[in-house]
Amino acid sequence: MALLCYNKGCGQNFDPDKNKEDSCLFHPGVPIFHDALKGWSCCRKRTTDFSEFLSIKGCTRGRHSNVKPQEPLRPEVSSDKGEIKNADSQEIIYQGPKSAETLQRERPSSDEPMTKLPQKVSPSLAQALEKLDIGKRETEKKGTQIFSMSYQDPQTDMEVCIHHPGAPVFHEGYKYWSCCCIKTTDFNAFLDQKGCTTGKHRWIPKQDKKKVACRYDWHQTGNSVVVSIYAKNANPELCSIEANRTVVSCQIQFENSKIFKRDFNLWGVIDVKHSSVSMVPSKLEINLRKADQVAWGKLEDPNYKPEPEPVDDNFIESNEPQQPDWDIDDDDISDEEWAYDTPENKKEEEVAGNQEENKEEEVVHFYVLCPFLLMDICCFLLLYRLMAFYHR
């Protein structure tokens, strides 16, 4: 009875009665697969084709064997949950990052109430602002004159200032103020007119504040986003950084007269309670703590369309009451233009309009009758030629 040989590399049928010491040609080693090469550990021949690997002839002779080789032992797997619970190690559950659709669905509203972020002012910025304040005070020198009053000492600020809140008007030789309209032709008398409003003295000319655009950039770490706004010597008392979970609103006044305003509609969600503002002389940093430790693709939400940034837009802030300049005349408007709505001018306009319509009708009649007149002239000339021909 023929039996199957289980030696590696042989696989032939043999007769037990004819099984000799050199009847089987096999591989005593184990198969090796490394770097796409296949071979046996007992010989050096290697190949990349699996079929050629199976057809490699054995390198050792011996007797055929019908005993199956033992399979390598596998590690025991226990599914007893009671043993896991009794073990000292704790169970760790890992939750992957949320998808973009989930983040967009769970995104809070941008209309949530805003919270002012706490500020951290560096000592170098405080020192720089103090130097600027000292330089500003030096401009308030003793003897600075405003009309008939001059600055002498701090006690001068306690006095009442009588001034004109309006603007000077010069029209047709008259000089007066728009707030009280006391007209005069003498310039010195105009300067000597007493004010019509009381208030406090202002020794320094009011400066116009400019709304400008600032350069900014951002970077992020695993749990925070940092926005850097390059506003030099920003005043902490006049700066306001407010935020909710999706929007950051900035209003920064720097270099005394420049103002930067901008709203950032953030790409992700932040934790307002753990966010803050750090101020140094060269810039202002807004440290935003992420609500979820997710990498931000951009600083702002791509679905939001921001407004164009302002470029050197001048505006003036004034607390003084403004009165309408009803008594100011305009040199560019003549008396005839002022009397445009009178009945006489309206009647003249109607007569002029009727004359224009009559002229248009006459032109139309001329172009309609012109062909007939030409035909009559041609007929008259033809008859004249015929009569002249017959008289010959």
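Each Cβ is built from the backbone N, Cα and C atoms, and glycine gets one as well.
According to DSSP, the secondary structure content of the domain 'CHORD' (5-64) in residues is 8 helix, 18 strand, 34 coil. What TrEMBL records for 5-64 (among others) is domain 'CHORD'.
The region 'Disordered' annotation in TrEMBL covers 64-120 (among others).
If you look up TrEMBL, you'll see 71-88 (among others) marked as compositional bias 'Basic and acidic residues'.
With DSSP classes pooled into helix, strand and coil, the tally for the compositional bias 'Basic and acidic residues' (103-114) is 3 helix, 0 strand, 9 coil. Residues or ranges marked as compositional bias 'Basic and acidic residues' by TrEMBL: 103-114 (among others).
Taken from TrEMBL, the feature domain 'CHORD' applies to 142-201 (among others). Model confidence over the domain 'CHORD' (142-201) is summarised by a mean pLDDT of 73.
Annotation comment: TrEMBL describes 211-300 as domain 'CS'. Note: the domain 'CS' (211-300) comprises 3 helix, 52 strand, 35 coil (DSSP; helix = H, G, I, strand = E, B).
Residues or ranges marked as compositional bias 'Basic and acidic residues' in TrEMBL: 299-308 (among others).
According to TrEMBL, the feature region 'Disordered' maps to 299-332 (among others).
The feature transmembrane segment is assigned by TrEMBL to 364-384.
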